[in-house]
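To keep things clear, I will list the structure first and then write my remarks on it.
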Amino acid sequence: MRNHSVVSEFILLGLSADSQIQALLFVLFLVVYLLTLMGNLLLLLVIRADSHLHTPMYFFLGQLSFLDLCHSSVSVPKLLENLLSEKKTISVKGCLAQVFFVFATGGTESCLLAVMAYDRYVAISSPLLYSQMMNRQLCIGLVWGSWSLAFLDALINILVALNLDFCEAQNIHHFSCELPSLYPLSCSDVSASFTALLCSSLLHFFGNFLLIFFSYVRILSTILSISSATGRSKAFSTCSSHLTAVIFFYGSGLLRYLMPNSGSTQELIFSLQYSVITPMLNPLIYSLKNREVKAAVRRILRKCV
């Protein structure tokens, strides 16, 4: 930060000022975080341990589980700390670091969901060529490409945000640091940072959303062309878990960033949804609605017994 930026830390006002409610919220979010860690780690273990799941679809699912662990761990530990602490502060550098990693992990998940939609399109439209088209080299390249694009996007936004000056205001009406929450606190021109955020959101998040949308248009067209009802049902069931994950992630994430920054209850709920709740739900969605994952769990349990 430049020398005339006199604020050295921010105050995260969080979800409630009532100490009793904070204690209840701490227990709630601690349970959610532990379930997130256990669920995603178990799904990673099952995918790695069972050879039947060594396919492109489950390779991407394993990457999504690892990403959910990272995304949740960026904001939840600080949230838990502040719920127990009277001094709910975070340094300016720490806040900007949190902004970077929220952006990077969220952007990677956006790319990965688009990649998974393309994977489902190839599996349904060209089942005989699926293993040839979605070979391991391509899958690894798509994952690395997702991480690289998201980190580049996050780096551009954070480099522009480093030019912001913070002179007096310290209170962030939120439980974590997000770029829109910092604009009201800045005493310098935020137009460059806002423009960078707007452009990256349009190109990155809406771009990936369009890829997912067009993939599902093609998937739906292919499913409707299947003559048997059983075949249509089986084809759609392979997409239902991914489609549910997309709705949870984009539904809350886009609404959060499209809303004006006001610290409203709805804004906090949308942020909690995509940064805290969705990483916990994803392994449940893919486990409860996926026969192959449930069968793999049963095989592993039988071996353990």
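Cβ atoms are placed via backbone N, Cα and C, with glycine included.
Database features, via TrEMBL:
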type	residues	note
TRANSMEM	20-46	transmembrane segment
DOMAIN	39-286	domain 'G-protein coupled receptors family 1 profile'
TRANSMEM	96-118	transmembrane segment
TRANSMEM	138-162	transmembrane segment
TRANSMEM	190-214	transmembrane segment
TRANSMEM	235-256	transmembrane segment
TRANSMEM	268-288	transmembrane segment
Handout entry: For the transmembrane segment (20-46): best-contacting stretch of 96-118, 138-162, 235-256, 268-288, by Cβ pairs under 8 Å
Key = 268-288
Exercise for the section: Select the range from 96-118, 235-256, 268-288 that forms the most Cβ-Cβ pairs under 8 Å with the transmembrane segment (190-214). Expected result: 96-118
Handout entry: Tertiary contacts of the transmembrane segment (268-288), as residues 6+ beyond its ends and Cβ separation under 8 Å
Key = 15, 29, 32-33, 35-36, 39-40, 42-43, 61, 64-65, 68-69, 71-72, 74-76, 79, 102, 106, 174-176, 178, 241, 244-245, 248-249, 251-253, 255-256, 259, 294, 297
Problem - Mean predicted confidence [pLDDT] for the domain 'G-protein coupled receptors family 1 profile' (39-286) - result: 85
